[in-house]
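Written below as structure tokens is the structure these notes are about.
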């Protein structure tokens, strides 16, 4: 809905979805809403998967006997979540997928770097205007749904200096991956962006603070209220971190990734799944020692510490997002932070929207659009979010 309103306000029907992943948003925008969509993804494997999903969707439409692959399904899936059904008819034109990474310092028409890893996806090229571009120099809307780390600031910088970008709608993610001074020796940091925040004494944010701001506050509150067994996973991860640092002191903030149903496993089972993900052999790490047992007995302290951390998480996220909003306002742009969806469904629900035209008409009535009854197939009203 927000992108539709931006399209109407700017006269643009071309959308560039950066960090498109497996293309779910791009697919909806192209097939469901009729936008001309270019999906840019830095992981070549995901770009290849996105193209495969596009083909599967077209095959399913063909099985439904939809002439020319047009028309829409009769029913929405997952009705309890009140997901939005695409308007009828579906358009037969899917998104154009491009595998390439964003170079935040390059001009708009030359920003693509080769994907990493390459994967089977299409070769990197410039899809966005400028030399060699396929958009013919036309203006575009840029969106990044949960664009990780420095990718979100890079989108805002490209918008600020590129007249070809009429508007941007950015939903951030993974604040702990932001570069901060003095890390980027030869490039601009992901935080802070604005001159105002950069001038504040003590504006620095530690890795731990930025990582905490990524957690789902509303979901965790529900776990606490229900005395969920899932809380055990926090203690498991804390103990595993201790073992990792003891085995290899050089490993800091290792990305173990989520172990499915960790709370239903014994700690030994959990560790045997997690240690290889950071390059450690479980056979060389003591998993059943007295020290490990003593740490596991401290689960209540881990939960208490994590709860206190999450009380401060909204403050950190607010600082990061207001820094980005102030950066855009310092450049003279119209911009706003909008709690666009329910944080219980997606905790990173705050959308930073900016345009080169007034946003009043875009934002006015957006809440009413979102709160229409279920028969319209529109999502529930926006949540308040963490900020």
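Backbone N, Cα and C atoms are what each Cβ position is placed from, and that goes for glycine too.
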Region 'Disordered' according to TrEMBL, located in which of 107-136, 137-166: 107-136
Region 'Disordered' according to TrEMBL, located in which of 63-94, 191-222: 63-94
